[in-house]
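Asker: Structure incoming, see below.
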């Protein structure tokens, strides 16, 4: 499997056994100025949802592109 990974945001081969791509988004102290933080990567299972964190998982190559920002 290949997934986009941060910080490079380039497709990379996932380690053996990690067949899920994920996009995790959350707000930090700069959220109102910069927007949500994003983390992209590979996992063996979809990460557990935590309060205030959005998670999207998928299982095809490069299915987790960096979220598109709305122009201001």
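Just so it is clear, glycine is given a Cβ too, placed from its N, Cα and C backbone atoms.
Heads up, here are the entries from Swiss-Prot:
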type	residues	note
DISULFID	3-21	disulfide bond
DISULFID	14-42	disulfide bond
DISULFID	27-31	disulfide bond
DISULFID	46-57	disulfide bond
DISULFID	58-63	disulfide bond
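Structural setting of the listed features?
Answerer: Within 10 Å of the C-beta of residue 21 (disulfide bond) there are 27 other C-beta atoms, taking all protein chains into account.
Within 10 Å of the C-beta atom of residue 42 (disulfide bond) sit 20 other C-beta atoms, taking all shown protein chains into account. DSSP assigns residue 42 (disulfide bond) to a strand in the three-state reduction.
DSSP assigns residue 31 (disulfide bond) to a helix.
Less than 8 angstroms from the CB of residue 46 (disulfide bond) sit 20, 22, 55, 57, each of them six or more residues away in the same chain.
Sequence-distant contacts of residue 58 (disulfide bond), defined by Cβ-Cβ distance under 8 angstroms and a gap of at least six in the same chain, are 20, 21, 22, 64.
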Asker: 10 Å Cβ neighbour count around residue 3 (disulfide bond)?
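Answerer: Neighbour count, Cβ to Cβ under the 10 Å cut-off: 26.
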Asker: Please compare the disulfide-bonded residues 14, 27, 31, 57 by how many other CB atoms fall within 10 Å of each one's CB, and tell me which has the fewest.
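Answerer: Each of the disulfide-bonded residues 14, 27, 31, 57 was scored by Cβ atoms within 10 Å; lowest is 31.
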Asker: Distance between residue 31 (disulfide bond) and residue 42 (disulfide bond) at the Cα atoms, whole Å?
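Answerer: Computed Cα spacing between residue 31 (disulfide bond) and residue 42 (disulfide bond) is 24 Å.
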Asker: Do me a favour and check the Cα-Cα span between residue 42 (disulfide bond) and residue 27 (disulfide bond); whole Å is fine.
Answerer: 21
